[in-house]
Each structure stands twice: as C-alpha cells, then as structure tokens.
Amino acid sequence: MASPGCLWLLAVALLPWTCASRALQHLDPPAPLPLVIWHGMGDSCCNPLSMGAIKKMVEKKIPGIYVLSLEIGKTLMEDVENSFFLNVNSQVTTVCQALAKDPKLQQGYNAMGFSQGGQFLRAVAQRCPSPPMINLISVGGQHQGVFGLPRCPGESSHICDFIRKTLNAGAYSKVVQERLVQAEYWHDPIKEDVYRNHSIFLADINQERGINESYKKNLMALKKFVMVKFLNDSIVDPVDSEWFGFYRSGQAKETIPLQETSLYTQDRLGLKEMDNAGQLVFLATEGDHLQLSEEWFYAHIIPFLG
C-alpha cells in the first residue's frame with residue numbers, strides 16, 4: 001500500500017493535467033469554415049427566393065457560419081446585368097481580389113457555385129490559391145460548357161440545330177467573346193479547333209491550349225470537388241456537362257462521361273488523379289435546373305460545409 005506522502009506527490013503531479021482537461025472543456029469550439037457563394041445567370045447575390053434562401057438554409061444548419069454571397073457590381077440590378085454582359089475573366093479577377101482582402105477568409109473557405117457560378121468558382125480555385133479554397137460545390141455548373149439553347153424541343157430538332165449553328169457562327173468573334181458571358185463557355189463540339197483557339201474563358205481553364213501547371217496544382221489542392229447534376233434539367237445542354245462530360249468530339253448527338261474525355265485521359269487538370277483519390281463527388285437529384293428541396297440540400301450538401 002502506498003504511503004500518504006506518495007499519494008500526495010501523485011496528486012500534485014496530476015494537478016496540471018486535471019486543470020488542462022477542465023480548461024479544454026471550456027474552450028469555444030472552432031468556428032465553422034466560411035462559405036462563398038456565386039449565383040447563376042440572371043440572378044443576384046441576395047434574391048430572397050434564390051441565393052438569399054440558400055444563405056438562410058446554411059445559417060440555420062451551421063450556426064455562426066460566415067456566408068459571403070458574391071455581388072458583382074454596386075447594385076443588385078448591376079449584379080444581374082453583369083451575369084450576362086461582364087467579361088468572365090474580369091469577374092474572376094474582381095472576386096479573387098475581394099477574397100484576398102476579406103480577413104474572415106484567410107484561413108480558408110468552402111465555395112458553392114450555382115449554374116455558371118460553378119465554373120466561375122472553379123476558375124477562382126485554379127487561378128487564385130490564396131486564400132485557400134477547401135471544398136468546391138458546383139450546383140448545376142457547366143464545366144465542359146454548353147452547346148444548346150434552353151428548352152429546345154430536342155436533340156433531333158432541325159430548328160435547334162439551325163439555332164446552334166447560327167449562334168456558333170458569331171459566338172467566337174472577339175467582340176462577342178469580350179461582351180457576352182454565355183459565349184465565353186459556349187463549346188462547339190463540331191468545330192473544336194475554333195473553340196480551342198477563340199474561347200477566352202472555358203478553353204483556358206480547361207487547359208485546351210496548353211498546360212498551366214499551376215491550374216492543375218491548385219485544383220488538385222481541393223479536399224473535395226462536388227458536382228451536382230439535375231436529372232430533368234431543361235436549361236443546360238448537354239446536361240452531362242454538369243458532371244464534366246460532353247458531346248463526343250465531331251458531333252452533337254452522343255455524349256460521353258468525364259472519364260472518356262481527353263481532358264480526363266490526358267489528365268490535363270488532374271481530374272483523373274483526383275477521381276482515383278476520391279476527391280471528386282458526383283451527386284444527382286431529380287428536378288429541373290437548380291430545383292433543390294430543402295431536405296435534399298440538408299442531406300447531401302450541408303455535410304460538405306460543416
């Protein structure tokens with residue numbers, strides 16, 4: 001049996017550990033990682049029926065979170081107009097500068113882009129690694145671009161084909177590329193060389209004209225790259241672009257998944273390596289473009305933000 005003196009020494013020795021344990025119990029939990037949101041075409045940062053509602057849903061489930069919903073312009077109306085007419089590269093530069101100056105983001109942040117905001121935030125991840133983006137969630141983003149108009153009657157329609165060809169005839173002109181946002185991610189699978197040489201945004205971030213190693217390194221630094229596809233999407237054509245798939249080159253009928261594209265097989269962006277490492281997450285939901293239920297959002301998106 002230990003003597004009283006030995007027990008006293010043991011108690012003294014354990015005292016610092018006991019105090020430390022109690023102190024740790026009273027420490028505040030770490031603040032949740034901030035969230036940056038970029039809205040889609042024709043929307044604004046703070047529409048109570050869209051991004052405003054998303055912000056409230058996130059704040060409800062993650063108390064204390066800092067949510068920055070990007071406003072591109074000085075007014076809500078300007079924000080909406082810029083989603084159509086402000087050069088995408090200029091928008092990305094402006095956002096990168098704003099994020100770098102925000103003291104609440106310096107330890108890292110998650111990002112969630114809706115529709116075209118998905119590929120715009122990917123450009124931020126690739127071009128602006130500081131502050132670091134941790135998870136990127138693309139909700140209906142078009143990462144291989146679009147080659148079709150909203151709610152066309154169908155792939156076999158001669159009218160749709162005619163409209164596509166007409167738009168494509170001017171989509172890659174310098175003036176259109178500089179002034180029309182949607183032209184900057186217009187991707188013609190029939191004239192890949194024209195797209196590759198004249199697309200000032202999408203062809204660049206998808207490494208179509210050469211390999212920018214920093215783009216690849218920065219994208220691969222993401223913990224998770226989550227892509228949400230809408231199974232009944234009537235806006236995005238082809239809908240496979242929401243999972244980084246696209247039309248097979250040379251035609252506009254058959255689509256192929258990401259894993260069969262040259263972007264993946266040549267691993268120009270590191271997507272193949274990310275896929276093998278479990279960094280890519282492919283989610284699908286019923287409904288039309290950006291039609292998400294609260295229940296689905298809470299179950300499938302919130303876990304990547306907590």
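If you go along the chain as it appears here, the first residue is 1 and each next one adds 1.
Even glycines carry a Cβ here, placed using N, Cα and C.
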Review point. Can you tell which of Cys96, Cys160 is bonded to Cys128 by a disulfide, based on Swiss-Prot?
Key: Cys96
**Study point:** Distance from Ser115 (active site) back to His289 (active site), taken between C-alpha atoms, in Å
**Key:** 8
Exercise for review: Have a look at the recorded positions Cys96, Ser115, Cys128, Asn232, Asp233 and say which one has the shortest Cα distance to Asn212 (N-linked glycosylation site).
Suggested key: Cys128
Revision key, fill the gap. Quick note, Cys45 (disulfide bond): same-chain residues at least 6 apart with CB under 8 Å of its CB -> Ile37, His39, Met51, Ser69, Leu70, Glu71, Ile72, Leu76, Asp79
Check your understanding: For the recorded positions listed here, Cys46, Ser115, Asn232, His289, which shows the highest count of neighbouring CB atoms within 10 A?
Key -> Ser115
Review point. Could you tell me the C-alpha distance between Asn197 (N-linked glycosylation site) and Ser115 (active site) in angstrom, no decimals?
Key: 24
Revision key, fill the gap. Check: min Cα-Cα distance from Asp233 (active site) over recorded positions Cys46, Cys96, Ser115, Cys128 goes to Ser115
Review point. Looking at the recorded positions Cys46, Cys96, Ser115, Cys128, whose Cα is closest in space to that of Asn232 (N-linked glycosylation site)?
Key: Ser115
